[in-house]
Amino acid sequence: MSNDKWKIAQLALTSRLLLLLAMSLSCTLLPDFHPGDDVLQFDLRLTQTLTPTSSSSSSALEGTEENNGHCFCLQGHGCDSNWKSRRRIESNSCADTIINRHRNYSKRYYWFDRVYAFLLPSVTKWDGARFLTLAVDPWARYPIHIEMEEIRDAEHAQCDDTISTCKMQQTSNEDNNKIYGPSEQSHAFLPLLPLVIRYTANFVMAVIPPNILPLTYEGTVTLCAIIINMVAFVIATIALYELTICLLMQTQLTNLVRRKHSDIDDDGSKPMALENDTMTAQNQLLANSTAQIFCINPAGVFFTAVYSESIFAMLTFAGHAIFAKGQYCNDYLKMISEDDQKHRLSSPKGNARAYYWCWANFYWIPSTLLWMMASFTRSNGSFTSIWLVIVGIAKCVSCIRACKGRQDIAKSAVKVTSLLLFHCGLASLVALPVIFHDWRGYNFHCLVSNPPQQQSLTSPLMPEWCESAGTGRRFSLYAHVQRKYWNVGLFHYYELKQLPNFLLAAPLLTLSFTAAVVWIVHSWSRHRSSFESNTDRGSNGGVLRLVARLRAFLRWVYLALDASTNESADRRTQSTMRLLLGPKFLSHYAILAGFALVGTFIAHVQISTRLICSSCPAIYWFWTSLFARRGIANEEKHGRLKDSGDSDSLFQFDSLIARLLYPYFILYNIIGVILHVNFLPWT
């Protein structure tokens, strides 16, 4: 790991540890607000055996589970060796654990237990309780089978011998919600994070001495969740750094190929030597700034608590970084080939050439797998499908524009068709986990809970949506659950009582829309010379002017898409401020605008901050561009950067926004630490 990456990793880990400490202090010092009986809470069961048996700081807590009223694992939990045969927690009796040595607490360290009791409760609030419950209880996604069987027996007692004359009594909506409510609500939380937490906890139990683990399986699961999120956040920070570097190098690719290519070793011992040599200090500064801003982003509390934001950001950013690296290598090899023909420059050979070739041809495999895992972590991971479609369309536009004559039309048509099919196929794969999750939910509720011989009956034991889902129509159980229990939908959240939530989300939504608009303005000015003459030609008549402006808009869309993938589309020197708003960033700013629209009009508006901060690298690039002018100026003042030629300003008011951003980051982290961990509305 390079020195820059190591410093970034240290900063990311330090920021998470400090935030965890602040959350724990807030949870200990401030009283919990009672959010209501319908809010799930997670019981760590740590308070039963925290009293030390002696005054020693390292006293031993001796005895079995029976004499201290405590057990490590409950029956039906994921640590129960027989959990597969027990669909739900049947009782509070102690169960056999995966590792029998956990049953005998021969020696406990009192201060370990006190530290766990101090740190762990702060991360289990709101949705954290749901993720931990799903991690602890493997069957929490299933309906309550005991109640269902009792109702089924009562119903069939009133039936005649002939099934056709059987009149089933319909249960009330309240009874249906009792049976299906918990399992339906759990379907709103995708399974990857709970699965990773559960299997990590089981592995930790197998390799780490039990006397330094928490007293309960719930505590061990929570501890593992904290560690997983911290590691994921560090990796996400490094991935964002790599993504920024790769896109900046793509933007400046024409400057790289003008150098002598012979400085790459023929034996491939330093395959990335060319990039390391030609990567400017300016690019490193921008990438470092982006990673640092990510570490203090306003949704920091959700990257520390047991939420899916950290692991989702890790998978999403890593997929984008690999994709950008592959595209850079592909463009680089193409331009080297062109320069070899024109200037007879030497190109990478041997292992180095194979390294670039592998990246250029197979980058889509690991990136697609990572994005599929991200979609299995959060439903908004399917937005990457839209990102892939935009990239595919842009490549098709570049292919069409490169067509120089009629003889190339057939070849271009084949290439365009293959590009569309390829990227649409990748988009389908990325969206597949969400579809699979809906299919599993349908099986759990509509097939598993009703034996085949009873599926022909109008059974009250089947949720009302099963009939709609079984007709072959496109039915999303995830969307149904969000709409039924959380009132998610277009303009559903537009109520006067939600005004405080809109105010909380307003800063980030405003910045997101501003980022998209600024990118459009810069892109429009970049391509204005290609269509402004046509616009002026139609200025005499109102209709003609409208038609001319529409043509100019379509022409701009065409050129912007072409420039986003065509390495030779924009060869002029770019200013420092424009680097992070360049044509290569089109698809990322488009996705940022899409998430801002979803947060504003469809989803619960208060989740917009964590939704965008965990999904959209573009928001960090925009923030970095606001700070870049002052940072570049300071570096140039101290002689650490050569003159970049950056004499123009991004905005007239960029310094004002830059002065407000840091207080915004700090204030929202403080508010989150106070409100979220005490069950106050900050979700």
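The backbone N, Cα and C atoms fix where each Cβ goes, and this holds for glycine too.
Sequence annotations record features per position, and here TrEMBL assigns signal peptide to 1-27.
As annotated by TrEMBL, transmembrane segment applies to 226-249 (among others).
Long-range Cβ contacts of the transmembrane segment (354-374) within its own chain (Cβ-Cβ under 8 Å, at least 6 residues beyond either end) map to 192, 268, 271, 312, 315-316, 318-320, 322-323, 325-327, 329-330, 332-333, 348, 381, 384, 426, 429-430, 432-433. Marked as transmembrane segment by TrEMBL: 354-374 (among others).
TrEMBL lists 386-404 (among others) with the feature transmembrane segment.
According to TrEMBL, the feature transmembrane segment maps to 416-436 (among others). Counting same-chain residues at least six beyond the ends of the transmembrane segment (416-436), those with a Cβ under 8 angstroms from any Cβ of the stretch are 190, 364, 368, 371-373, 375-376, 379, 381-382, 384-386, 388-389, 391-393, 395-396, 399-400, 478.
TrEMBL lists 502-521 (among others) with the feature transmembrane segment. Note on the transmembrane segment (502-521): residues 298, 581, 585-586, 589-590, 592-593, 595-596, 599-600, 605-606, 608-609, 612-613, 616, 618-619, 622-623, 650-651, 664, 668, 682 of its chain, located 6 or more positions outside it, place their CB under 8 angstroms from a CB of the stretch.
Taking Cβ pairs closer than 8 Å, the transmembrane segment (585-603) reaches residues 247, 320, 380, 383-384, 386-387, 390-391, 394, 488-491, 493, 505, 509, 512-513, 515-516, 519, 523, 560-561, 563-564, 611-612, 615-619, 621 in its own chain, all 6 or more past its ends. Under the heading transmembrane segment, TrEMBL lists 585-603 (among others).
Counting residues 6+ beyond its ends, the transmembrane segment (660-680) has Cβ neighbours under 8 Å at 19, 22-23, 26-27, 30-35, 39, 122-123, 125-126, 293, 296-302, 305, 507, 609, 623, 626-627 in the same chain. The annotation transmembrane segment is assigned in TrEMBL to 660-680 (among others).
Counting only same-chain residues 6+ beyond the ends of the signal peptide (1-27), those with a CB under 8 A from a CB of the stretch are 118-119, 121-123, 226, 229-230, 233-234, 236-238, 241, 284, 287-288, 291-292, 294-296, 300-301, 303-305, 669, 673-674, 676-678.
Residues 4-5, 8-9, 11-13, 16-17, 20, 119-120, 123, 196-197, 200, 256, 275, 279, 283-284, 286-288, 290-291, 294-295, 303-307, 310-311, 313-314, 317-318, 320-321, 324-325, 327-328, 579-580, 582, 584-585, 617, 620-621 of the same chain lie 6+ residues outside the transmembrane segment (226-249) yet bring a C-beta within less than 8 angstroms of a C-beta in it.
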